[in-house]
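Novice: As annotated by TrEMBL, domain 'Radical SAM core' applies to 5-218. According to TrEMBL, the GTP binding site annotation covers R14, R64, T94, K155, R257, I258, R259. The [4Fe-4S] cluster 1 binding site annotation in TrEMBL covers C21, C25, C28. Annotation comment: TrEMBL describes Y27, G68, S118, M189 as S-adenosyl-L-methionine binding site. If you look up TrEMBL, you'll see C252, C255, C269 marked as [4Fe-4S] cluster 2 binding site.
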Amino acid sequence: MLMDRYQRKINYLRISVTDKCNLRCRYCLPETGVDLKSHEHILRWEELHRMVKVFVEEGIDRVRITGGEPLVRKGLLHFIEKLSLLNLKEISITTNGQLLKPVAAQLKEAGITRVNISLDTLDAEKYTWITRGGDLKKVFEGIHAALETGLDPVKLNAVVVRGFNEDEVTDLARLTKDLPLHVRFIELMPVGTCTIWGKDSFVSTDETMERMKKIGLLAPAQVTGSGPAQVWQFEGFKGTVGFISAISKHICHRCNRIRLTADGRIYPCLHGENYVNCFDLLRDGESEEKLRRIVQQVISLKPDQHHLGSQERMMSALGG
């Protein structure tokens, strides 16, 4: 079992398998994009698998695959199949949904059980604007394909931004009435050099929950998992709504995760400065013992809480 110095059990690894993405979301990437890592500076699938295997041996039992957009990297399905042979309780994936429909069944067959899909608006024009070219229709095709395939849960992530979509939160929540979806409202986080919204754009969880009164009363929902969201449900609705309050209410005391990037950096905190780089160790074929020491070093660096706003790293590289 992995325990940090604050007695938090660390059992969740997020893997950014690529920094490439087929969209340019305005809160994630600048319009011109970013300098992508060259192929030789990205961990090979076998190197990623080797590092994950060490993490699992040390106590990780949940893995989430992120990007960039993970579905753009060739070989992903085979990588997931290999992960499914490890002693993992859960393998999940986060995607923008543009490429999900044709591969949803293959993802489940390979070993994916849960999927998170980014969806900040139900307005097609606004969606194209915020993503710089995304197709809202493809997202919903992906959502329905995931549900039909039996992926469970299917979660929708919406970043709430004043002046953009705060008036849509009830419409997004109503998606849970007839479909077993889990819609999660996320507070805007000041990460990256491309932050186009100032402090006035921030919408707190309390304000978003207040808007939910237009729909009806919320009751705490019974959920499985150990995510950061407070989860609620409207009476008679099939799905749930969740609220992630990274800014207004520190959730760090429950943090159970670390992050591995495609170029071999291991971050104990998404928003912290510290990381350990395992790229050279993996590329040089160093021993399992050295890799285990890297894992222990990362855990020792995990802070008690984040200090959002102090760093300028792209969400596309970190994996959200």
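Start at 1 and count along the chain as shown; that gives each residue its number.
Glycine is no exception: its Cβ is also placed from the backbone N, Cα and C atoms.
Each of the listed features needs to be described in terms of its position in the shown structure.
Specialist: Taken residue by residue with DSSP, I258 (GTP binding site) is part of a strand. I258 (GTP binding site) has a Cβ environment of 26 other Cβ atoms inside 10 Å.
For C28 ([4Fe-4S] cluster 1 binding site), other Cβ atoms within 10 Å of its Cβ number 25.
Every protein chain considered, the tally of other Cβ atoms within 10 Å of the Cβ of M189 (S-adenosyl-L-methionine binding site) stands at 20.
For C252 ([4Fe-4S] cluster 2 binding site), the same-chain residues lying six or more positions away in sequence with a CB closer than 8 A to its CB are P303, D304, Q305, H306.
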Novice: Sequence order is fine: just name those binding-site residues in C28, S118, M189, C269 with a Cα within 10 angstroms of K155 (GTP binding site).
Specialist: S118
Novice: Could you tell me which of these binding-site residues, C21, C25, C255, C269, has the fewest other Cβ atoms within 10 Å of its Cβ?
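Specialist: The binding-site residues C21, C25, C255, C269 were compared, and C25 has the fewest Cβ atoms within 10 Å.
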Novice: Compile a sequence-ordered list of residues in the same chain as R64 (GTP binding site), six or more apart from it, whose Cβ lies below 8 A from its Cβ; state 'none' when nothing qualifies.
Specialist: Y12, L13, R14, I15, I91, S92, I93, T94, N116
Novice: Could you state the whole-number distance in Å separating the C-alpha atoms of I258 (GTP binding site) and C28 ([4Fe-4S] cluster 1 binding site)?
Specialist: 20
Novice: Just checking: which of G68, S118, M189, R257, C269 have a Cα that is within 10 Å of the Cα of C21 ([4Fe-4S] cluster 1 binding site), counting only these binding-site residues?
Specialist: G68
